[in-house]
Amino acid sequence: MKSGFAAILGRPSTGKSTLLNSICGHKISIISPIPQTTRNKIKGIFTDDRGQIIFIDTPGFHLSKKKFNIAMMNNIHSSIGEVELILYIIDIQDTPGEEENKMLEIIKNSKIKFLVLLNKVDLKNTKIKEITQFLKEKGIEDSNIIKISAEKKINTEELKNKIYENFSEGPLYYPQEYYTDQKINFRISEIIREKAIENLKEELPYSLYVDIDTLENKKRGLFIRANIFVANESQKGIIVGKNGKEIKSIGERARKTIAKIFETKCNLFLQVKLKKNWNKEDKLIKRLIN
């Protein structure tokens, strides 16, 4: 029986959360085409007759001096220190740049075993040759590279085999039926946040957060009251929408997803509240990121 922890690293929107959800077979980490949707270290657990893999999905690696971004980068660095294996995902539609150079430098300096995953091989018009040459110049051996499609589950079985090859004998850290260790409040707040940013302006993901005010498991299903906090008045108007159209849509879509995931009816009530410049408050950022 083998077991261990594997950190999923990469630029924003490379497919890290998609890979986590795909392998674990459940919606664990929220997904959005908008970069840096993931803020926290999200654990996904895969168990089979060979053992157990605990995946840690991390925020997208992005070089920036903004306070919120620095906090997320600290999350990435702490994740590296907690694992036996690093899974570095590269989107083969993107040209390698400064982030790739820095990420490979961090990985090599960590002395931790790693695999490079070239994601989205199901798509056309990729930069696969350019990326392969880039990795060769960086001294990455072919045996450390796997071409995958997280969305289409191409070569994900090969990936799991490779992960187990890099793990040592060990116990199951979680019961077999577990697929995440996230608390229900966090999972529900993330679902609401996902629905809030799906059809809204790109700057909003970095300007809103969700707090669960009430969560009760009643005979008729889940009863939830939640607040969506924004940093300024104009953002509040965007989320509420004309005649409350947007917030109603967010609530309906979040309700359906929550009901499906937790296999129960869901009564969800949302409010949008203003908390000026919350994304500059160190204590709040630390709570949200950790």
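Even glycines carry a Cβ here, placed using N, Cα and C.
Per Swiss-Prot, the features are:
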- 2-169: domain 'Era-type G' (DOMAIN)
- 10-17: region 'G1' (REGION)
- 10-17, 57-61, 119-122: GTP binding site (BINDING)
- 36-40: region 'G2' (REGION)
- 57-60: region 'G3' (REGION)
- 119-122: region 'G4' (REGION)
- 200-276: domain 'KH type-2' (DOMAIN)
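This view paints the features noted in Swiss-Prot onto the structure.
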{"residue": "G10", "record": "GTP binding site", "DSSP (3 states)": "strand"}
{"residue": "K16", "record": "GTP binding site", "DSSP (3 states)": "helix"}
{"residue": "T58", "record": "GTP binding site", "DSSP (3 states)": "coil"}
{"residue": "V121", "record": "GTP binding site", "DSSP (3 states)": "coil"}
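Counting every protein chain shown, the number of other Cβ atoms lying within 10 Å of the Cβ of S13 (GTP binding site) is 20.
Burial estimate for the binding-site residues (G10, K16, T58, V121): highest at K16, by number of other CB atoms within 10 Å. Across the domain 'KH type-2' (200-276), DSSP assigns 32 helix, 30 strand, 15 coil.
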